[in-house]
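*Asks:* One structure is given below, represented as structure tokens, and several questions about it will come after.
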């Protein structure tokens, strides 16, 4: 089964009305290989609706966070139904900044992932280890623990993309080598085969996130288990276009 390449741009808490206009104009006017590469941007909440209205339709728009309840007294949270109502069809869950800064547990991330899927969103579920965990040779144990938490609550994996993002390589300028990324991605695929079945594992997209930029993205293409990228800072710049078009660089 051919897995469609996936490139996501996580804008984090960056951007202004003016800069978003520039970013959207660039996406709309640049020839991007969106037919072969599923391309999704994740702006701040403030700009979700205007982005969806203004960016071309073959580019997806997603939220950076979602809650695990339909509605109610949950000040500051995103409702999956409200996102869908606004034309937003993707969300991130479990980003390392949510796990570390906001203390989101594996179980909470799994609950949010489950609920978002049930409401009809496509979920990019983020997993990854800290530098201390990598140095203690705990990388695989950590990502398997995080994956098991999701698998305990989710049966249908057809609308999940797994983003492996080593925490030590996010916003630091450090990047896992393509070989390091492939090693973990292969272990994720092996886990999926054993836990979810061979056909689910073969169709599951596992993308890499961690200081990906226009200069290093092509190096990852030679590895079969790397199905795309979750891009941070570079997604705010024109080089994001090169990452989307990585196959023709």
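Backbone N, Cα and C define each Cβ position, glycine as well.
Just lifted these from Swiss-Prot, have a look:
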- 95: active site, electrophile (ACT_SITE)
- 165: active site, proton acceptor (ACT_SITE)
- 10, 12: substrate binding site (BINDING)
- 105: phosphoserine (MOD_RES)
- 199: phosphoserine (MOD_RES)
*Asks:* Out of 10, 12, 95, 165, which of these recorded positions is nearest residue 199 (phosphoserine) by C-alpha distance?
*Replies:* 165
*Asks:* Among 12, 95, the recorded positions in question, whose Cβ has the most other Cβ atoms within 10 Å in this structure?
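*Replies:* Answer returned by the neighbour count: 95.
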*Asks:* Counting Cβ neighbours within 10 Å across all chains shown, tell me which of the recorded positions 10, 105, 199 comes out on top.
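*Replies:* Neighbour-count leader: 10.
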*Asks:* Counting only residues 6+ away in sequence within the same chain, which have a CB under 8 Å from the CB of residue 165 (active site, proton acceptor)?
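*Replies:* The list for residue 165 (active site, proton acceptor) reads 95, 96, 126, 127, 128, 208, 209, 210, 230, given in order along the sequence.
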*Asks:* Rounded to an integer, what is the Cα-Cα distance in Å between residue 12 (substrate binding site) and residue 105 (phosphoserine)?
*Replies:* 20
*Asks:* Round to a whole number and give the Cα-to-Cα distance in Å for the pair residue 10 (substrate binding site) and residue 105 (phosphoserine).
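*Replies:* About 21 Å separate the Cα atoms of these two residues.
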